[in-house]
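Engineer: The structure is given below, and queries will be raised subsequently.
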Amino acid sequence: MKPTKSNLHLLASPGILLQHKEQGAHQCCFSTAASWSHYKLVWAALEGQMDYFGQEKKILISHIDVPKSGTGMDGKKCSVWMFLPLVFTLFTSAGLWIVYFIAVEDDKIFPLNSAERKPGVKHAPYISIAGDEPPASCVFSQVMNMAAFLALVVAVLRFIQLKPKVLNPWLNISGLVALCLASFGMTLLGNFQLTNDEEIHNVGTSLTFGFGTLTCWIQAALTLKVNIKNEGRKVGIPRVILSACITLCVVLYFILMSQGIHMYAARVQWGLVMCFLSYFGTFAVEFRHYRYEIVCSEYQENFLSFSESLSEASEYQTDQV
């Protein structure tokens, strides 16, 4: 398919943003319609920055870090994607507390604030024990599965967000892999109750807490390094503090567990989980600057190089004259 005005209009129509990762993002935005000769100049200006165009002349835009029309750079109007981390945090925390109150009501565990064990109650208020038997186990499984899915979505979007902004991708990839493994651990926690399969349940606990803690430190480092919208310190310092609290809670949890001090271990576990959820809620700060789009186009086997496309565009203009 030869370039036409309609094809090029996809590249230079109002509001369309073209970006390509090299050392940074090369961006070109048009606010008014341009002439045919202007389209040619646009192609020439971008030569060397775009490798090729497919026959359909479509560009996949994974994310756009420019506010929508009518929105200033001060971020007064925010992207709807900022609500995803908040939904994850609020939904998961609410679900876990529902599990806790169901277990307390059924006398499966004793309350976190109780100084002594209630008569007839045998277990400390660990999250896993609270969600060990029906009906609390049904709610617990559903909450953990949904939380794992939302965490996985956040992991992928965060990876896409940082991909064009980091020169060495290994840290960004490590953050993605760590959070994916933590999400997998959540599914093991939710679907294999403690009394049904203790070994797999403990593997899920180790994956969730271990790789979850690693994820927090990686994302804190990336936050300070990338410094999105000059908010790196504003967001990075609280994340470092939360990461330190999470690490301390993990260490205390296993120490108290090993010494059989279960009441304090359970309290530390709940504090650990709430710190985790608070940490993931902070991704809303950076997600508010972005919107994500999924573009589906037909796969084309034959591609034209940028120079060939520009040459054909010039020939088309000559033929029209």
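Cβ atoms here come from the backbone N, Cα and C positions, even for glycine.
A TrEMBL annotation is a machine prediction, not a hand-curated record.
Sequence annotations record features per position, and here TrEMBL assigns domain 'CWH43-like N-terminal' to 81-289. Annotated transmembrane segment per TrEMBL: 80-103, 139-160, 172-194, 206-224, 236-256, 268-285, in sequence order.
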Engineer: Mind checking which residues of the chain, 6+ beyond the ends of the transmembrane segment (268-285), have their Cβ under 8 Å from one of its Cβ atoms?
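Structural biologist: For the transmembrane segment (268-285), the far contacts come to 82-86, 88-90, 92-93, 96, 112, 125-127, 151, 154, 158, 209, 212, 216, 231, 234-235, 238-239, 242-243, 245-246, 249-250, 252-253, 256.
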Engineer: For the transmembrane segment (172-194), give me same-chain residues lying six or more residues beyond its boundaries with a C-beta closer than 8 angstroms to one of its C-beta atoms, as numbers and ranges.
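Structural biologist: Distal contacts: 128-129, 131-133, 137, 140-145, 147-149, 151-152, 154-156, 158-159, 162-163, 166, 200-201, 203-212, 214-215, 218-219, 222.
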Engineer: So what pLDDT does the domain 'CWH43-like N-terminal' (81-289) average out to?
Structural biologist: 93
Engineer: Residue list, the transmembrane segment (236-256) vs rest of chain: Cβ under 8 Å, 6 or more residues beyond ends.
Structural biologist: 209-210, 212-213, 216-217, 219-220, 223-224, 262, 264-265, 268-269, 271-272, 275-276, 278-279, 282
